[in-house]
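Report on the following structure.
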Amino acid sequence: MSRIPKFPSTATKENKPTFTNSRNITRTIGNGLSEADKKNLLLNHTKPLRNTSSTTTTVAAPRLKRSATAPSTATVSNKITKVEKKTTTVAPRIAPYDYKARFNDLVEKHKAIKSELSDLKDKHLEVSDEYEKIKETVEGNITERDMLKEKLLNTLKDLRLKSSEYESLKLDYEIQKQENEELHNKSRLLDDVTQSLKLKTSEFDKLKMEFDDLTRRHKSLSEETEALRVLTDHLKKISVEYDKLKLDHKEAIDTITKNKTDSEALQNILATMYRDQRVLRNTVQDLKGNIRVYCRVRPPLESEASKPLYNLNVLDACSIEVEKIELLNSARKGKSQHSFSFDGIFTPHSSQEDVFSEVSPMVQSALDGYNVCIFAYGQTGSGKTYTMEGGCGVEQYGIIPRAINMIFTCMEDLKRMGWELNIKASFLEIYNEIIYDLLNSSKEQESHDIKMVNSKGTDLYVSNLKEEEVKSTHDFIRLLIFAQRNRQTAATLNNERSSRSHSVAQIKIAAINEKRKEKFTSNLNLVDLAGSESGKTTQRMDETKHINRSLSELSKVILSLQTNQSHIPYRNSKLTHLLMPSLGGNSKTLMLVNINQFDESFNETLNSLRFATKVNSCRTVKAKKNITMVDSL
Ligand SMILES: Nc1ncnc2c1ncn2[C@@H]1O[C@H](COP(=O)(O)OP(=O)(O)OP(=O)(O)O)[C@@H](O)[C@H]1O
């Protein structure tokens, strides 16, 4: 658009270049010059030649000037200039009278002008084309301008509309802004109010809590006041009673002081009496003998009712007579009659309690500080385990559970006299001269050796043997059951092992009396010996050898003690070695020989009774108790 020459919008036909005129001029020249031109020509040609050129230049000049106004016609103007230059060529001077020359000159000029005209025509055509193009462009521009104008008008209209809308919106905005500010102010005010309300609420809550607390306290205070009032009334009554009691108390204190003195005196008497009683008990024991033997005859069981029995006569409390009539066809035909005397006889009707009433002084001796050994001897099935351990139920309890029960019962009396007792228990089994710990249930048993506690050799212990402290009879029974189970398990693994092993329950008593500065330790060994009968099979031969050896060593030890030998062969068997402290001088021994009344067992019964008689004839030296005076406990 910018390259299109600008014409004033008000351009009219008059303002356009008058090219039509030039066409006319050409035509005129072709036909001959117009009158005016002719005149001019004549005038010019009659004038000196110097002016001619200037005249022609003057004629062309206004046309060129006009065309110069349109930059798009620059080429045209250049061409015109060339023509002009041609026309301005200096012609040879022609004499005024030479008309012919002049005419020729004029013809020449005419020709030149004609060619110039033809050039101009071409130019005119070119310019016309360009004009047409420009015109089209201008018209297009005008249309565009009009469209733009219309658009502008529309835009202006829109703008006006928008402006009015804007104005109304601006107004609305202002109103909104004002309202907003008002609302903002109100909101701020509301925030302040809310804040203060919150403060008030929290203060209210606090006050309410305080009020509730105060109410509660008030209520509890009221209750306390009421209780205090009741208490005061009660206290008043108590005060009266207290005064009365105070008097009684004073009297009681006097009485207690008197009683305390009496009690101390009585306690001293009691201690002296206890000591005397102990001495007396021991004297009786000594008189009875430190090795005492009892015989117990077990009754046949229901299942054994059909078994033939030999004759057994209880001659008196201490003697029995066994009698067997041998069949006439037997090798030893005739009557076999034997009488035996012991410290006591328990018939098939004697209860466990009857047995224990005779055994209890031995347990008492252990509580008095003596080493005691109670063992049951006899053939298999003669009632040794029943006598020592017993059956089910308290009634059936044997010597071992009754002994521990007695220890714990006496412990209470001893405590009252200032004695503190510590009881420990261990359970072992000697099978084929090997010691087994019955409180150790693991299959892998450690080796157990009998060792001396001190160089004097008065006390012994078994290495790696579990020793459990017992605080009650119940504790002990639990351990006893555990040991029984262990023995039974071993018996299952090794057929009839329980009958072929010695079972020992050891109870160690450690007593201390801080008041009297006295202490003692004693051992109570409760032994269930292996069945004394000889083995009937080769399989049992090894066991029998060991049993017989240990039982014979036991009788040897007893005999050596009886005859006051300087050397007592305790160490020849595990059993005698273990029982050494309970068999020697500082000990009391009680043997229960168990027999049954079956005809088939007559010979074994005789053996047992003979062995027991041998033991019974043994009287050890007077037993010494282990009690010692201690300087500092
Ligand atoms: N005085 C008794 N009154 C009632 N039953 C008894 C008596 N003595 C033993 N018995 C019963 O006789 C059976 C054999 O007794 P026990 O097992 O005590 O004999 P044992 O000599 O220990 O035998 P083993 O050497 O095989 O251990 C048991 O059933 C036991 O309950």
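The count begins at 1 with the first shown residue.
Cβ from N, Cα, C; glycine included.
A TrEMBL annotation is a machine prediction, not a hand-curated record.
Range with TrEMBL annotation region 'Disordered', chosen from 1-26, 157-182, is 1-26.
The Cβ neighbour count for Lys384 (ATP binding site), using a 10 Å radius over every protein chain in view, is 28.
Model confidence over the coiled coil (103-224) stands at 90, taken as the mean pLDDT rounded to a whole number. Note on the binding-site residues Gln379, Thr380, Ser382, Thr385: the fewest other CB atoms within 10 A surround the CB of Thr380. The Cβ of Gly378 (ATP binding site) lies under 8 Å from the Cβ of Lys384, Leu529, Gly531, Ser532, Val593, Asn594, Ile595, Ser608, each of these being in the same chain and 6 or more residues away along the sequence. Note on Gly381 (ATP binding site): other Cβ atoms within 10 Å of its Cβ, all shown chains, come to 19.
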